[in-house]
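Novice: Quick paste from TrEMBL:
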- 5-162: domain 'Kinesin motor' (DOMAIN)
- GLY91, GLN92, THR93, GLY94, SER95, GLY96, LYS97, SER98: ATP binding site (BINDING)
Amino acid sequence: MGSEAVRVVVRCRPMNDREKALSCKMVLSMDVHHCQCFIEKPGATDEPPKQFTFDGTYFIDQTTEQMYNEIAYPLVEGVTEGYNGTIFAYGQTGSGKSFTMQGVSEPATQKGVIPRAFEHIFESIQVENTKFLVRASYLEIYNEEIRDLLGSDTKQRMEVRL
Ligand SMILES: Nc1ncnc2c1ncn2[C@@H]1O[C@H](COP(=O)(O)OP(=O)(O)OP(=O)(O)O)[C@@H](O)[C@H]1O
């Protein structure tokens with residue numbers, strides 16, 4: 001993993017039932033050791049696949065546990081030492097953002113980045129005779145509307161003040 005302040009990793013999810021039922025073809029492959037991702041153009045067997053390099057690549061058989069240990073763990077560890085850190089999931093609808101960030105409880109290896117980060121932070125601050133303040137907010141920004149998902153009325157649009 002590089003030492004840049006911003007790192008971009010990509011995760012490929014397995015095909016869902018709908019895609020399998022439609023006999024969709026996987027056009028993406030990865031060389032996870034070299035952090036490379038290859039995309040074939042369907043039907044164009046004579047064209048070489050397009051190649052992209054990331055700071056990390058995670059294919060269908062890799063778990064959120066592995067992603068957390070390699071990507072998020074050092075960042076959260078930095079937060080406990082006073083540095084700022086952001087983990088941002090980006091992708092089209094159904095690509096697996098919630099699966100990665102929130103995750104599922106079974107299997108435990110696919111528990112999400114957010115619950116793992118909470119456990120990590122609360123374990124780190126179990127220090128005798130020291131008090132810590134942990135603050136959390138949970139906002140949704142959708143269609144340029146902002147909602148507080150921890151508020152009493154999660155449907156209420158929040159005002160944007162400049
Ligand atoms: N790595 C994965 N392994 C197995 N299933 C996955 C994986 N990633 C996503 N899925 C499954 O794919 C479906 C879509 O994923 P998810 O809901 O996380 O997408 P999303 O990007 O959050 O979508 P949206 O933007 O619409 O909220 C879910 O059923 C999820 O369980």
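Note: Cβ is positioned from N, Cα and C throughout, glycine not excepted.
Bear in mind that TrEMBL entries carry predicted annotations, made automatically and left uncurated.
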Novice: Averaged over the domain 'Kinesin motor' (5-162), what pLDDT does the predicted model reach?
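Specialist: Computed over the domain 'Kinesin motor' (5-162), the mean pLDDT is 94 on the 0 to 100 scale.
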Novice: What is the set of residues, excluding GLY91, GLN92, THR93, GLY94, SER95, GLY96, LYS97, SER98, whose C-beta falls within 8 angstroms of the centroid of the C-beta atoms at the ATP site?
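Specialist: Not counting the recorded site residues, we get ARG13, PHE99.
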Novice: Around ligand 1, within a Cβ distance of under 6 Å, which of the binding-site residues GLN92, THR93, GLY96 show up?
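Specialist: Cβ under 6 Å from ligand 1: THR93, GLY96.
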Novice: Taking only same-chain residues 6+ apart in sequence, whose CB is under 8 Å from that of GLY96 (ATP binding site), what do you get?
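Specialist: Those within reach of GLY96 (ATP binding site), by Cβ under 8 Å and sequence separation of 6 or more, are ARG11, ARG13.
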Novice: LYS97 (ATP binding site) has how many other Cβ neighbours within 10 Å of its own Cβ?
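Specialist: Result for LYS97 (ATP binding site): 15 other Cβ atoms within 10 Å.
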Novice: Report the same-chain neighbours of SER98 (ATP binding site): residues 6+ apart in sequence with Cβ closer than 8 Å to its Cβ, ordered by sequence.
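Specialist: Once residues fewer than 6 apart are set aside, SER98 (ATP binding site) is near GLY112.
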Novice: Measuring CB to CB from SER95 (ATP binding site), give everything in the same chain under 8 Å that is also at least six residues away in sequence.
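Specialist: Once residues fewer than 6 apart are set aside, SER95 (ATP binding site) is near ARG13.
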